[in-house]
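S.K.: Let me begin by handing over the structure; questions about it come next.
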Ligand code: FAD
Ligand code: FES
């Protein structure tokens, strides 16, 4: 993990409230694993806490990385107002990242993303494909209006869509797509990032599969294991005192390792 002032080389809007930003700097040399995140200082003196944002793409040759974020509060709003050439104080890469080594060429992975949980799944899918693993994507959005990155995923493999209002793909959540898919086959590994409800459903559908990897989201402060702001409970803990820190022991856990 390093800290660096990175330079914004592009920023554009993908959908209402959703932005893609590309940054350059030596920190990219440290980025390896899909699912890791960067911790970005908001360039405003009154905002002390950094904002955790997943790495969407790593490009070592151009020494760039990309993030995709949705404006929620003041911090992400400030990010959305930055321009090419502006700089950002970035710490990273943080977190453990998705385990891609549990699979080998010829095996099949389900890659599941919901809403603003979709960005890290793109780098994951790229790396799985590079290893010769067949990827099937299940992507859920609120509506067609806020859908993004569809073509990028389609270029990597079979991609199935769901929207809450049925305006694009199957109506409902990605659970409907998954229940249909598992009638015909079982994947060798499952990777998911999205709202807690979606992660719970993924864990249920694939309860017999030991390779189910979930990316958890918790409010964070330090982002590197020092403050315990981001803890999550673990199963079979009768005392209720055991926990894991999402920032440095996660954000990716096997479904069997955490209580959602
Ligand atoms: P505010 O609500 O004003 O933030 C207030 C405080 O709460 C800040 O400290 C903020 O960091 C924290 N906070 C608010 N919401 C969240 C949240 N959902 N998760 C963690 N902290 C939060 N969002 C994206 O749009 N794209 C991503 O790729 C992405 N990746 C993430 C990866 C990880 C590991 C985590 C934990 C969160 C990720 N998020 C992502 C959520 C993102 O961090 C929050 O939306 C963002 O911090 C909100 O900041 P704000 O100032 O706009 O909102
Ligand atoms: Fe400080 Fe996780 S955010 S320990």
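Glycine is no exception: its Cβ is also placed from the backbone N, Cα and C atoms.
A TrEMBL annotation is a machine prediction, not a hand-curated record.
Below, the features straight out of TrEMBL:
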- 51, 52, 53, 54, 68, 69, 70, 75, 76: FAD binding site (BINDING)
- 222, 227, 230, 247: [2Fe-2S] cluster binding site (BINDING)
- 1-100: domain 'FAD-binding FR-type' (DOMAIN)
S.K.: Find, among the binding-site residues listed as 53, 222, 227, 230, 247, the one whose Cβ has the highest number of other Cβ atoms within 10 Å in the structure shown.
M.R.: 247
S.K.: Using the centroid of the Cβ atoms of 222, 227, 230, 247 as reference, list every other same-chain residue with Cβ within 8 Å of it (recorded [2Fe-2S] cluster site), in sequence order.
M.R.: 220, 221, 223, 224, 225, 226, 228, 229, 245, 246, 248
S.K.: Where the distance is taken from Cα to Cα, which of the binding-site residues 222, 230, 247 turns out closest to residue 53 (FAD binding site)?
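M.R.: Among 222, 230, 247, 247.
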S.K.: With residue 227 ([2Fe-2S] cluster binding site) as the reference Cα, tell me which of the binding-site residues 51, 68, 70, 76 is the closest one.
M.R.: 51
S.K.: Listed binding-site residues are 53, 70, 247; which sit with C-beta under 6 angstroms of ligand 2?
M.R.: 247
S.K.: According to DSSP, how is the domain 'FAD-binding FR-type' (1-100) divided among helix, strand and coil residues?
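M.R.: So the domain 'FAD-binding FR-type' (1-100) is made up of 12 helix, 47 strand, 41 coil.
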S.K.: Identify, in sequence order, the residues in the chain of residue 76 (FAD binding site) that are 6 or more apart from it along the sequence and have a CB within less than 8 Å of its CB; answer 'none' if there are none.
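M.R.: Listed in sequence order, they are 51, 69, 70.
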S.K.: Please report the number of other Cβ atoms within 10 Å of the Cβ of residue 51 (FAD binding site).
M.R.: 20
S.K.: State the count of C-beta atoms found within 10 angstroms of the C-beta of residue 70 (FAD binding site), not counting that atom itself.
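M.R.: Result for residue 70 (FAD binding site): 18 neighbouring Cβ atoms inside 10 Å.
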